[in-house]
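Now, the feature entries from TrEMBL:
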DOMAIN    B:20-243  domain 'MacB-like periplasmic core'
TRANSMEM  B:21-40  transmembrane segment
TRANSMEM  B:282-306  transmembrane segment
DOMAIN    B:285-398  domain 'ABC3 transporter permease C-terminal'
TRANSMEM  B:327-356  transmembrane segment
TRANSMEM  B:368-388  transmembrane segment
Amino acid sequence: MSGSLLITFDKVWKSYGQGEATVHALAGVDLAIRHGEFVAIMGPSGSGKSTAMNIIGCLDTPTAGTYSFMGIDAGRLDRNRRAMLRNLYVGFVFQGYNLLPRTTAVENVELPLIYRGVAARERHDLAMKALAEVGLVGREHHTPAELSGGQQQRVAIARAIVTRPTLLVADEPTGNLDTARTHEIMELLTRLNTELGLTIAMVTHEADVAGYAERTIRFLDGHVASDAMNLEVV
Amino acid sequence: MIWETVRLSLLSVRRNVLRSFLTLLGIVIGVAAVIAMLTIGSGTTEKVKADISKLGSNLLVVRPGRPAGPGGPGGLDQATRPLGSKELAALVTHLSGARAISPASQKQVRVIFGTESLTSGVTGTDSAYLDARDWKLVSGRPFSDSEIRSGTGVCLIGETVRLQFFGAGDPEGEIIRVNRTSCRIIGLLEPKGYTGFGQDQDNVVLMPLAAYQRRIAGNRDIDSIYVAADDRTPTTELLPRVEDILRDTRRITPDRENDFSIRDMTQIADAMASATTTMTGMLGAVAGVSLLVGGIGIMNIMLVSVTERTREIGIRLAIGAHENHILIQFLVEATVLSLLGGIIGILIGLALAGLASLTLAIPFAPSPAVILLAVGFSALIGMVFGFFPALRGARLDPIDALRHE
């Protein structure tokens, strides 16, 4: 499964505003990510890395150029088709966890399955399994407020992988965590990458976090400044 | 999926109990007002119908004097010729399709027994009167033909008169004084209660017409003639026959108007009933306006809810919710909210109507159709007023929504 192209950017532009005030968040980016890769995306703020991530996650579409996801011209799909694509193939992990408040861990994990139309019993079983996979047994019925930051992020990861996605999009997944917790979460992501063959695209601004990935893409001023394999895993 | 959404919206209602309650208040008040109005209104209509049927069903009432207008009271002008035994006799002889024809002359007169006195409606009539008015005797006997003919001093009394003079005792055979003449009680009328106009129908004394004319009225006039139609004859058919006979008897030439009026009690009943129905409808419509206001309250709170939960919407959209999922979620929430308000409103409205029916002595007449309509209408309000906020939520850009703090 590893090796074939999952994501390609072909001269992707993303522009905001009009006329003189036009800002190009992405200015003709070419990029390719293969199945099974673990890619870190870095760059200062305003470099275009977040815009690129939004397009990769099928949340946003390019102004010009072609974004293809699994060979589908995802940049030309309407909102609902992209929602379907996300539901079927993409899992999201955010810096701020983005769990539904006052909703238990298992209910949070069940959420993407609800939109897939999975029956309640099966949904529950799958969610419990995903929570076990991220090492969160015994906390299934706690609400986010009753969980630590690391535990919340594990719930978020469980929610992302419960649908067995092809791609995991992680936006600063350790941004709110201390060093020990960061290490744990990164270990978990690495394990998911190797064991499940999950392709991971992760935005980070910390070099040691990026070090867990196999490859680092650096953005600067809407361009890819560098794109290199990480030779030594930290 | 839908059940999930309903559960979710109940959860969100429960999370904001106070806010949900305040939002619901508009719908609760609106629905309660509509239900109370319509229930009390239909009770009043029933009451009015029952009251008028107490006056006698399928009954025509002939009175001297030109009719003032359709359905209006017959005005007595100076040239009015009273009705007399001639008209009564003509009707009794010639009219077909009548079950009972009876004269009645009435006056408010002081009635005395022992040291007690009471001002009562004293009516001079004959034995057909009970039949014409559908009145029954609880005890005793009606007037005999000889008593009618000779105008003997005998009378039938209503329940109020009995209570005033005899309490729970048996009045039969007692002698009461009616306007300085004495009168022996031979029977007791069945209690009929008050009319919708507050008139006590049991404060009555009936005596033979001849006795009334001689001892109380001092003339030979008849105030009114009651004509009750038989089962096969509608009053609308009977009325022109009565009119023909009376015009003939009173020798009214075709170029002149009637100098008497005939009132059809059935038509009056229908007119009164439709008047109360119209009134009820209008009050209901006014109450309906508060439902509209309640709907705007729902819209307002749903807009707040959508804004508050922008981030949640972003999460849902990111993990693959369609626009329609979000739309339905908030639509269901608005509908559940207003439906809840509707149900509470119905309960309060029925309670109010029940209370009103107790205090106003009207029948409690809840209509399943009205209740069903209120449920449907409150759900509809939720959907209509929830649609715009829900659409706003569904159209959010997931990226912006996720960034929302």
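Just so you know, glycine gets a Cβ as well, placed from its N, Cα and C.
Whatever TrEMBL says is automated annotation, not expert-curated.
Outside the transmembrane segment (B:368-388), and at least 6 residues removed from its termini, the chain residues within Cβ reach (under 8 Å) are 27, 31, 34-35, 38-39, 42, 291-292, 294-296, 298-299, 302-303, 330-331, 333-339, 341-343, 345-346, 349-350. Model confidence over the domain 'ABC3 transporter permease C-terminal' (B:285-398) is summarised by a mean pLDDT of 89. Here the domain 'ABC3 transporter permease C-terminal' (B:285-398) has, by DSSP, the following mix of helix, strand and coil residues: 98 helix, 0 strand, 16 coil.
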